[in-house]
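Going by Swiss-Prot, these are the annotated features:
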type: DOMAIN; residues: 10-284; note: domain 'tr-type G'
type: BINDING; residues: 19-26, 83-87, 137-140; note: GTP binding site
């Protein structure tokens, strides 16, 4: 059992480890857990036994899919590590982990520098204002180059990297690390990296070490006037002053300290842990988060364990032993096991049965989780990702939720046997609850079950999990593009549903104004009824009728998005009006409005990055143009070229195979969803004809 750390917010670090798909992030996390004493044998990813990757698919594919939270201890500090996936299809996982962590380690492959997915992760960290340090990993690999990492961080990320360490030896002779802040060097006495030896800086590295120490002092002087004065007078600042200044610059998002090592060869990981303690923020170092009261007033929430409870649910997982786990971060107050909480997002009361602190695959039960801490709750039934929990009697605030990107790819799925039918719908519902970017719907015309997700890999993994975890066999159709429909001009319509045939009639009558909204706005409903021309209790029914009818647009039956509907007039009948009648009136009105509003089809546009040797560049660009791509730019990367483009998803199916044959297997690409846009006229006609 590791030492218990007395609760002290200053000594808490909530960090994520983020990276491009093969930069060695899971290995780095593994090593951190090994050195902090929570794992007794190191698991290698390429042997398929890493601790953080605890779903079977991850072990097979060697990629990390679900963000697990793991607690470990280092130098009297508690470190909660939120593991984040590096594959593009799982960006929601990265988004939601960024939302609840305070700092991050971004891992780069030293032989590759900054890769496309690292840029995505970096942009997400910028968006959530997460301070970060960088780890140049794989320093023992052929082609490893610290300066490539530094240069690409400046050029591609616009970062201000600060060299904190220099390597001793390079590639396969990489044998130690120079700490330029403390002017000390370290080498390793054994392969496990547990025997670190401090040595004097080798003669041949002294000049370089002094040069970078000097540069580091200059950077530190930007954040501390004392250092500035000492620097100008030729005095040497103390180690504590330098650490404090670099810490301040990092937390203020002005600089990114860069550390190096080889996680696989156990070098540099303990020094990286020291850096987490030295330079990444505690919950007290970051600005308080904002919440909204029911009256719409914005309030600040401070990390005070004695304050009112406020927590955010950031992940749901189905656990084979305890059922549903809700991962939360407590922002204020203290959550105790056995207590009741109020979910302000849903307006429901829930009971906290047990609280767990997680290791990657085992767990300890705890009595309470205090402000700043992360853990899992057993017993919550209604709470989903992005919901806010407050104390039963605490002020009702709602914390800003987590943005969920729209799924862009649809696949029809059907059970192989009658027996699988019932199990399939239950299993899909469970998976959709766990992963907000995965949706399940029924095709309005064909009645088929459609699953939608962020990419082909995402859906493959879902189907895989159906088979393994839920023992459901299913046949899957070909992936289809998730088109959307919208209008291009504002319209005014009315919907009247009146039936008077003996007995009780039906009467619902609404007038709505429908306007197009900018891309990505979704749906906005405004109730502008005054003087009770439609009674209050029927308004939700009108909205429901509209939303249901929007599930299937007039052109090709895809959902209608990006519109604002204002309900401004109508009438009702004392006896014959009902919720049903108003629901139908709403749905009739919106159908007519979309027909009249010059409807268009929208398609998902992907941001695509193709890396190809120079000699195939012409072919690759020609091919992207033929796929209706819009080339955004090119840049050399090593001896290859990187082409960036926007390309419609519809044109990207099977691209991997085509690219391989065009570049004789040397080209590679990544793509992620960027935005929806109108399809060209001739494409729209073709889609409508193909119905």
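Yeah, the Cβs are placed from backbone N, Cα and C, and that goes for glycine too.
With a 10 A radius on its CB, residue 19 (GTP binding site) counts 29 other CB atoms from all the protein chains.
Summed and averaged per residue, pLDDT over the domain 'tr-type G' (10-284) gives 82.
Taking a C-beta cut-off of under 8 Å and a sequence gap of six or more, residue 139 (GTP binding site) has these contacts in its own chain: 110, 146, 167, 170, 174, 260, 261, 262, 267, 268.
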